[in-house]
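Asks: Summarising the annotation, TrEMBL assigns transmembrane segment to 39-60, 72-92, 145-168, 174-193, 258-280, 292-316. Taken from TrEMBL, the feature domain 'ABC transmembrane type-1' covers 41-317. What TrEMBL lists as region 'Disordered' is 337-362. Per TrEMBL, domain 'ABC transporter' is recorded for 367-600.
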């Protein structure tokens, strides 16, 4: 997704650029195909308006030749009518183009949002959220220039140029040579400038994306920034990025500041030359005054569309750079390949979109992992993982940090797929199911306790078939988790939680997401360290609530001794392998690694207990 570095081999860079241009051309063609009807109308209006305007120099010559004849007034009225018709064509065309340009921006933004929510999960590890936001806002707006920048006027302007130059040659070949020479010089200048702008525009947009990503990262971590006194460093870093974007933008401005005066000078030179040479030819009787007047009007008719064409080319370079950045996201792998795999491999029964949920089941499904491998790049993260988890109890995944516990949850959620082996849900391979169908059966509680802006009610009903909640059941779960009194004293279920749950403490956020999972109608609950950010009392409340949920299949990743001891079954994982399976008491007796993990996790709590205990006097 990045522009090659300056030290990239020239041949490799040329290949890279060629691929970029092909990608932009492909998406431009797609844009025009999807809007064939309205854009064809706009194109026809532009050509019609240009064709009508070509009659104006001829009518002007006729008027000047018949100034003292009765026909002159009629010709003036005809000329006014022609100008009015051309203006009407232009107005209608501009409306159609502007409307389609806005629709294009809206469609691109919607497409980017749809793509973003379907990207394969590994893509989010490399993504910069601020850069994605920049693409959604700034880049999408700049693509408006593909239509609004005058590209649909190109055929009409080309018709005017060719028609005007042809009429010039008919009127006076000598003066035509002057205008043609000036047009060629200006065209060469515009071509050279557009190449410079095209390469710089891509870099500028990437700089803006980097700026947005860094700003988002800094603001989202503002508490840490202030706690460590890094405000000035943040400002300095942002200032450097802003300066870089400014310098790159200035390069484009510099090219444009040279181009427009050069083309303007050339065109004004043409006008001066036409006046000087044409005046001499009038004095010599080689052409008439009406011929010179018509030729002057034709000269202006060449200059105006030529300037429009140059502006369109420059606008397309910038819009093309923005379109490239959007197209890069569109080409990232998403879950559609998983869907197609599911459709190809699954039987009609397996490819159902909405499997039965908890409310439709007597008990949750049995999950079985059979000889599952998973590779991160070249590194084997899971090696032959095999275990099962059934309904009506908690299965705990325990092991040292980095042993692969969270990766197992990601596999169960189909955020990623195994490199080898299979995972079944009541005997059905989840690889043969739509990923969305698999997730519709799972309530997931992540380490970060994700809370969305809104109310407690909105967070509790997230992902449910309805926004309503069973009041008695809801308050029962919230009270069991120690949130009942806190919420009743506020605004009940309509209590605002703030952006990212800022109105709640860390422990309250953790308990709220657990409540969301327990209240859901999903038969499987996956919890990744749900008690890591709470004290012993809140931990006991969470574990008690989990134990009292009937029928659901619960898998819990934990390193906390209390959570370990509460699980019906413990799967001990080390270096991506299952090393032991049993109860808490069995593993304490039989497995040294488990005993060490339990003792290590108990250490801080035991130290705190001893420090709080009364000290004997000496």
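Every residue number used here counts from 1 along the chain in the order it is shown.
Glycine is treated like the rest: Cβ placed from N, Cα and C.
Predicted automatically and left uncurated, TrEMBL annotations should be read as such.
Help me understand the surroundings of these features in the structure.
Replies: Sequence-distant contacts of the transmembrane segment (72-92) (same chain, at least 6 residues past either end, Cβ-Cβ under 8 Å): 45-46, 48-49, 52-53, 55-56, 59-60, 62-63, 66.
Same-chain residues lying 6+ beyond the ends of the transmembrane segment (145-168) with a Cβ under 8 Å from its Cβ atoms: 28, 31, 39, 42-43, 46-47, 49-51, 53-54, 57-58, 93, 97-98, 100-101, 104, 175-176, 179-180, 183, 294-295, 298-299, 301-302, 305-306, 308-309, 311-312, 315-316, 318-320, 323.
Sequence-distant contacts of the transmembrane segment (174-193) (same chain, six or more residues past either end, CB-CB distance under 8 Å): 161, 165, 168, 255-256, 258-259, 262-263, 266-267, 269-270, 273-274, 277-278, 281, 295, 299, 302, 306, 309-310, 313-314.
For the transmembrane segment (258-280), the list of distant contacts is 172, 174-175, 178-179, 182-183, 185-186, 189-190, 193, 287, 292, 295-296, 299-300, 303, 306-307, 310, 314: same-chain residues at least six beyond its ends, Cβ to Cβ under 8 Å.
For the transmembrane segment (292-316), the list of distant contacts is 50, 53-54, 56-58, 60-61, 64, 145-146, 149-151, 153-154, 156-158, 160-161, 164-165, 167-168, 171-172, 175, 179, 183, 186-187, 190, 193-194, 197, 256, 259, 263, 267, 270-271, 274-275, 278-279, 281-282: same-chain residues at least six beyond its ends, Cβ to Cβ under 8 Å.
On the 0 to 100 pLDDT scale, the domain 'ABC transporter' (367-600) averages 84 in the predicted structure.
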